[in-house]
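Per Swiss-Prot, these features apply:
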BINDING   R129, R169, G175, G176, E208, I210, E215, G241, V242, H243, Q285, E299  ATP 1 binding site
BINDING   Q285, E299  Mn(2+) 1 binding site
BINDING   Q826, E838  Mn(2+) 3 binding site
BINDING   E838, N840  Mg(2+) 4 binding site
DOMAIN    133-328  domain 'ATP-grasp 1'
DOMAIN    676-867  domain 'ATP-grasp 2'
REGION    1-402  region 'Carboxyphosphate synthetic domain'
REGION    403-547  region 'Oligomerization domain'
REGION    548-948  region 'Carbamoyl phosphate synthetic domain'
REGION    949-1104  region 'Allosteric domain'
Amino acid sequence: MPRRTDLKSVLVIGSGPIVIGQAAEFDYSGTQACRVLRAEGLRVILVNSNPATIMTDPEMADATYVEPITPAVVEAIIAKERPDAVLATLGGQTALNTAIALYENGVLEKYGTELIGADVEAIKLGEDRQLFKGVVERCGAESARSHLCHSMEEVLAGAADLGYPVVVRPSFTMGGLGSGFAYDEADLRRIAGQGLHHSPVTEVLLEESILGWKEYELELMRDRADNVVVVCSIENFDPMGVHTGDSITVAPAMTLTDREYQRMRDIGIAVIREVGVDTGGCNIQFAVNPEDGRIIVIEMNPRVSRSSALASKATGFPIAKIAARLAVGYTLDEIPNDITSSTPASFEPTLDYVVVKVPRFAFEKFPAADPTLTTTMKSVGEAMALGRNFTEALQKALRSTEKRGATFSWAGEPGDRADLLRRAAQPTDERIGLVMQAIRAGATPEELFESTRIDPWFLDQMFLLDEIAGEVRDSDELTPELLRHAKRHGFSDAQIGELRHLPEDVVRGVRHALGIRPVYKTVDTCAAEFAASTPYHYSSYDEEDETRPREKAAIVILGSGPNRIGQGVEFDYSCVHASFALRDAGYETVMVNCNPETVSTDYDTSDRLYFEPLTLEDVLEVVHAEMRCGPVAGVIVQLGGQTPLGLAAKLEQAGVPIIGTSPQAIDLAEERGAFGQVLERAGLVAPKHGTASSFPGAKAIAAGIGYPVLVRPSYVLGGRGMQIVYDEASLEEYMRTATEVSPERPVLVDRFLDDAIEIDVDALFDGEEMYLGGIMEHIEEAGIHSGDSACVIPPPTLGNAELARVRAATEAIARGVGVRGLLNVQFALAADVLYVLEANPRASRTVPFVSKATGVALAKAAARLMAGTSIRDLRAEGLLPGRGDGGLLPADSPVSVKEAVLPFARFRTAEGVVVDSLLGPEMRSTGEVMGIDVDFPTAFGKSQTAAYGGLPTAGTAFISVADRDKRAMIFPIKRLADLGFTLVATEGTAQVLRRNGITSTVVRKHSEGTSEDGELTIVGRIGAGEIAMVVNTPSGNQARADGYEIRAAATAVGSPIITTIQELSAAVQAIEAAIVQERNGGGVNVASLQEHTARLNAAWEGRA
């Protein structure tokens, strides 16, 4: 069946900001869909609030709306654009829930718009727990015994029938949000209460516990002619009880018997047919009881999911691309396989290698959070590796996570066997390491299985690794056979060096002298049965190399590895742009990365893709392989964040050509003393600072500067380990618990600028001329990490004279450091002094936002500058505007606001309360959104709607502010009262309001408890949903504790919470704008990026 001719335009709904459970994989799937649909000649309209995505680039769709993904906004877009169809299966749970809401409130019918990809009935059958249970039974399969509940009374009755422990699973949520295992009634009340709150239909399913069973997933696709393919089987290394996104997973499944696998396939195919997914993909999860082989169907996602992205990268079978084609009418046998070019998509992929995915966590950012892994997903990213066997893939994947202590180590004593077995029984992110240490301590396979319920086959592979490590350590000499044997099982040069007490580079020298190097195999979807036309490679210590020679010069781009807090999809965005720009300029582009979620690891983003860990050893081998294939013009390290930057100096020492800013210049900007001299020569000032490698040193510096001070380790990204310290006792505590402090790695002590305006600048420099990308003003004051602060382009309160000072200072720094490419500088403006906080000669996390706000692709331009072009040439080519730059935008240009999205609701302490939502100098956001409109209040309002679901326009606001903020709060709070809000406040705050003629009611503090006549405390009232908005600025440590309870309650019920006065002023402006809009009867204003850019260009022309 060829493509439907009745469809002319399609609205694709994206997934919004990156949050835990819904990450970059949806940018990857959405980007693929937009490309395919446009190639089919359809007009593509896209809505997505996340500016850090490739899919929101103006060239990916005909109309790109960077707007909040809410039913009201999407309705406004449908009313304006009148698409024939809506495709919602590629934007995760956000897109699905929005599409269902539009269907149910009649919007789709009103505008004659069809839902394609999966119909509402199929979505409901797959997502509604009770209906899905019926589907499974009709297919002759089993699901776990369960009860569907809509209230706490039903929950308690259900648990009484099933017996503890029970699993709680809310309907229509994502990444296991609100789910968990309840071992007793207290657990059940807490978890089910959360689940009922997070489920949009207030519904949870209670299930019998299948803890300890084996967990599998199948990724399937079906078309309207009823062809079904099983793309991939995936097995979880951890047994049931850990969310699949937090588990180490392996493809293909390793421990199934053929009969079990066939049974699972049969069930999967029956289920996808019964649910009625007939134009796309789905993912089905199974549990298998290891005692008797009983198979239970756990759940299904009738859409593209995190596992689909993994399955796509693992097999080379592009699920999202094919799903988009099926949605517009094609069948599987009509769609060609891109990789082989000679087989159709109805051929099931075959794997002749093993794929392992390892999650990456961020518990160090939330020290109070409980690190136990449960059914609520907590990982923030993942790394994937391919190998010829399980052990090779596993060891490569572990070192790809770039986490200290993630790889197996055989150094030192393993510890007590009984203690290790006890600790390994609890699933945490360190469990696999504990298993290896228990093996070293003499634990038997039976004891380990009893403790962890990890399948004996996987445990046996771990024993094999321990045996090989023993051979390497104990043999008289490192023979070529032994070295090759260890490398075939994934041992790195560093691990072999540790076992032999040799430095890593000596091991590498020996290995190269013996001619032992990896070969590169190809992912071809068909186990080499047909030739592959796309070079998608992985390394292995095998015999035959499959890389091909080439004539053109290549540029190697090092990606950013697994997503983590502080280094997210924004850096991947810059790498992808560089690949596109350099390919257009006539180079062959080579991408090295190990993150399966991203666009950079799509096989058609660059000319060659190496799915490899970003370690010195692996990168050197890739560069060597590419130099064998043809000329290499250089390697780009400044786009992938801190990971590739950290390799720059060592790569250069090894003779690898680094293009762009030199490693020496990178060091110059990072090293305080040298950078201080650059500033001095330019006549610029930094806040007073010093470096210390001991507490007495730090104490002396702090005394000289005066408290508060900002302390942090050198060389970090995302403010890791930073703290604002108010007194000497806290400083001593920090120095005692900080990361390893040594003369090589000193701690930096800075003056902390209270009440300063923070300014962020992204610029390009070619050695002669500077192009200012954009000047952003932060809404929160300095001291909150720039990645967590909201920021605005053009800056709303800076005058032309200040902007001119910022421009001159940025250019002086670019010249002084010797930048070629991108530069990010952070300034603080305090008492009319412009302080330089830091300069980073690399792509920053604001590059995508600035590019979207100003309509200029900065990362593309930067890649060309690194390859030797000048800014003048790029202006002539049209890659940069012919005149002017982002530092002086026209007066009537649209205002863009970037807001950070924080994951506090996911993390709980061991007692089950949420971790504190206070912001500070350590970055904790996982993603971002953008609001864009004609003025600041409306744009800020949109950013809040996109990030947290919006600000209220009526109701009760609770106010409790620190003494230092009491003067500044009066005007915004008075405005709130004038707008009709009811105010409640703590006693001290209420008194100040009363003196200024503002009426408020005093509420009971949390520490006072509920009164005898039943008056709730503020925490109780927030929990009961009586408070529409919380304003709570913290002061000192004691008040922080009372404030913590208030903020935790607000986080738990999803009330907007404001913790700084600057944010309060912005919020009040946004609320007023929304009320005015409502009064005037106006709906939501929506405009596409293409329209904004056209307006901006017209304004530039008008200036000329």
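Cβ atoms are placed via backbone N, Cα and C, with glycine included.
Since we're looking at a predicted model, the values are computed, not measured.
The structure, with features from Swiss-Prot marked on it.
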residue: R129; record: ATP 1 binding site; contacts (Cβ under 8 Å, 6+ apart): S146, L148, R169, S171, E203, L205, E299
residue: E208; record: ATP 1 binding site; contacts (Cβ under 8 Å, 6+ apart): A144, R145, S146, L162, G163, V166, V167
residue: E215; record: ATP 1 binding site; contacts (Cβ under 8 Å, 6+ apart): E235, N236, D238, P239, M240, T244, S247, Q285, F286, A287, V288, I298
residue: V242; record: ATP 1 binding site; contacts (Cβ under 8 Å, 6+ apart): N236, L373, T374, T375, P427
residue: Q826; record: Mn(2+) 3 binding site; contacts (Cβ under 8 Å, 6+ apart): E758, I759, D760, V761, S786, V836, L837, E838, A839
residue: N840; record: Mg(2+) 4 binding site; contacts (Cβ under 8 Å, 6+ apart): A669, L823, N824, V825
Exercise for the section: May I ask you to report the DSSP-based helix, strand or coil state of Q826 (Mn(2+) 3 binding site)? Expected result: strand
Problem - Cβ neighbours of E838 (Mn(2+) 3 binding site) where a neighbour is any other Cβ within 10 Å - result: 15
Handout entry: pLDDT averaged over the residues of the region 'Carbamoyl phosphate synthetic domain' (548-948)
Key = 87
Fill in the blank from the handout: Per DSSP, the region 'Oligomerization domain' (403-547) contains 72 helix, 10 strand, 63 coil
Completion exercise
Per DSSP (helix/strand/coil reduction), R129 (ATP 1 binding site) sits in helix
Completion exercise
Row E299 (Mn(2+) 1 binding site), column other C-beta within 10 angstroms, all chains, value 19
Handout entry: Conformational class of E215 (ATP 1 binding site) under the three-state DSSP mapping
Key = strand
Completion exercise
By a three-class reduction of DSSP, V242 (ATP 1 binding site) is assigned coil
